[in-house]
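J.: Can you read through this structure? Questions will come right after.
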Amino acid sequence: MTDYEVATAFLGEWGHFQQQVFFLLCLTVIPNGFNGMFIVFVADTPPHRCVIPANVNLTAAWRNHSIPLELDRNSGALVPSKCSRYRLGDSCLDGWEYDQSVYISTIITEWDLVCDDRWKNPLTSSIFFCGVLTGSFVSGQLSDRYGRKIVLFVTMAVQTVFTFIMVFAPSWPVFCALFFIVGMGQISNYVAAFVLGSEILSPKVRTIYSTAGVSLFFAAGYMFLPLLAYFLRDWRMLLLGLTLPGFLYVPLWWFIPESPRWLLSRGRVEEAEAIVRDAAKKNKIQPPPVIFSPLQKELQCETSKALNICDLLRSPNIRWISLTLWLVWNTLTIAYFSLSLNTANLHGNAYFNCFVSALVEIPAYTLSWVMFRWWSRRLSLSSTLFMGGVFLLLVQLMPSNLVYLSITLEMMGKCAVTTAFTIVYAYTAELYPTVLRNTALGACSMASRIGSIIAPYFIYLRSYSVSLPYILMGSITVASGLLSLLLPESYGMPLPDTISHMQHFPGCCKKTPYKLTNTEEKDKVAEGTFSLEQGASLLSA
């Protein structure tokens, strides 16, 4: 069989076509950075206390002493109670007064989601991640059935339009319902863009795109969030400001192509060839008369089976790979989103803390590219998970007076977890075949949403013990780092097109793993990045 990458090697690595696809797809990821994290500011709880009715005849001194003092679990100091007051003829039923030095309004202050209703705060984020769970389940299969491009643009539209409608939400239940739909679009957009670029770009560029490329643009959107939130301190105006950039992406429909790999997997050889010939024209290269005909025979045989999400568990090999990846993804989402959502609780300015939390992702994405380019996939994932867990376990050992050291350890843990998260996306895409790749990524994302749904409640545990979230996150992250050592190695291997090409889970290997074609072998050895002997040693490790 003629390998896809051999068949399209005449296009080169970094022509005008590849540059266009690379940067335009990266641009589509920017809104994911701020839409996934704006709840940090929109649902933050400012300092507050019960309202003392104006008609109560009290002097200023008595008003200042009408609120009982209670112990603050974070600082250990006595502070005015946030949920009670001394009885003044009736209970605390007159509402709350909120400090407006940081925010003009949030959904917490607008709908009084404090005290007996404070459980609604983490639930708001969990509902968003339930939407992400639903989107992961639906979009992966839709993308494998109807195409990467159409799902990418439909989910971008869903994310933008429903974020705009949220600006006019009249109540908390309506806000949550809309937030659920935004979650459906948010992850679907990211996965579709990720897979589309991975399948179109050449191996060397694919490594950069799947690690540093999309991730750095995600971080750019994440860093843009606290900057805009600093100037728009009303939650409705903030959402409106975050919505407007989404409408600028409509013209990209005419510049981003469909995946030729996906078209081939659906038997649409002529359309795939048309895209590749257009790419050759943009790169000013003369294409050969026939490009994909030999390649299509095997793909057509397998796609006639109508593969779906159930095929991720059908055979022992793919089942063990899927189950292990689902556990690892769950751990990563718990750690990543817990640390990201926790920035408002850290000592200091909330906007600055959020910016630093986004900034530490830049070296994480750079490190992930370096590790993915020159090091074992399995060891890269395992080592970053393990180190992230160790940093988080060290946080709870720091004395209370060393606040900035604790924050530094937390940010180092966030950096390591982010590195692992970036690696696992690209690693997962390499392990699964073209006919199931988007479904597999969507399934991994879907399974991991159990972790993201409960992540807000990890932060909620701070109300009982400040150390408890770090102990739990650190322990499961270290355990997942060890578990990931069971995954097969994919370093230096071509992307599998069919299930029979997949690398094998330890104990499930019954046939010779999928190897490079002769042409690819010569290219890889010439580049000094891979040899068949290295590949065999990694697979047997």
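Including glycine, each Cβ sits where the backbone N, Cα and C put it.
From TrEMBL, for reference:
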- 21-492: domain 'Major facilitator superfamily (MFS) profile' (DOMAIN)
- 20-43: transmembrane segment (TRANSMEM)
- 150-169: transmembrane segment (TRANSMEM)
- 175-196: transmembrane segment (TRANSMEM)
- 208-231: transmembrane segment (TRANSMEM)
- 237-256: transmembrane segment (TRANSMEM)
- 320-338: transmembrane segment (TRANSMEM)
- 350-372: transmembrane segment (TRANSMEM)
- 379-398: transmembrane segment (TRANSMEM)
- 439-461: transmembrane segment (TRANSMEM)
- 467-487: transmembrane segment (TRANSMEM)
J.: Within this structure, do the transmembrane segment (150-169) and the transmembrane segment (350-372) have 3 or more Cβ pairs under 8 angstroms, counting pairs 6 or more apart in sequence?
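T.: As far as Cβ distances go (cut-off 8 Å, pairs 6 or more apart), the transmembrane segment (350-372) and the transmembrane segment (150-169) do not touch.
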J.: Assess whether the transmembrane segment (320-338) lies in contact with the transmembrane segment (467-487), where contact requires at least three Cβ pairs under 8 Å among residues 6 or more apart in sequence.
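T.: They do touch: at least three Cβ pairs between the two stretches lie under 8 Å.
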J.: Quickly jot the same-chain residues contacting the transmembrane segment (237-256) by Cβ under 8 Å, restricted to those at least six beyond its ends, or write none.
T.: 20-21, 24-25, 27-28, 30-31, 34-35, 38, 41-42, 149, 152-153, 156, 159-160, 163-164, 166-167, 196, 225, 228-229
J.: Below 8 angstroms Cβ to Cβ, which residues of this chain, lying six or more residues outside the transmembrane segment (467-487), approach it?
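T.: Counting only partners 6 or more residues beyond its ends, the transmembrane segment (467-487) has Cβ contacts under 8 Å with 320-321, 324-325, 327-328, 331-332, 334-335, 338-339, 342, 377-378, 381-396, 410, 413, 417, 427, 431, 458-459, 461, 505-506.
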J.: Take the transmembrane segment (439-461) and find every residue of the same chain, 6 or more past its ends, with a Cβ under 8 Å from one of its Cβ atoms.
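T.: Cβ under 8 Å, 6 or more out: 121-126, 129-130, 132-133, 136-137, 139-141, 143-144, 187-188, 191, 194-195, 307-309, 311-312, 322, 325-326, 329-334, 337-338, 341-342, 345, 425, 428-429, 431-432, 468-469, 472-473.
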J.: By Cβ distance under 8 Å, which residues at least 6 away from the ends of the transmembrane segment (175-196) in the same chain are close to it?
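T.: Distal contacts: 25, 28-29, 31-32, 35-36, 39, 107, 123-124, 127-136, 138-140, 143, 148-149, 151-152, 155-159, 162-163, 165-166, 169, 210, 214, 218, 256, 259, 425, 429, 437-438, 441-442, 445.
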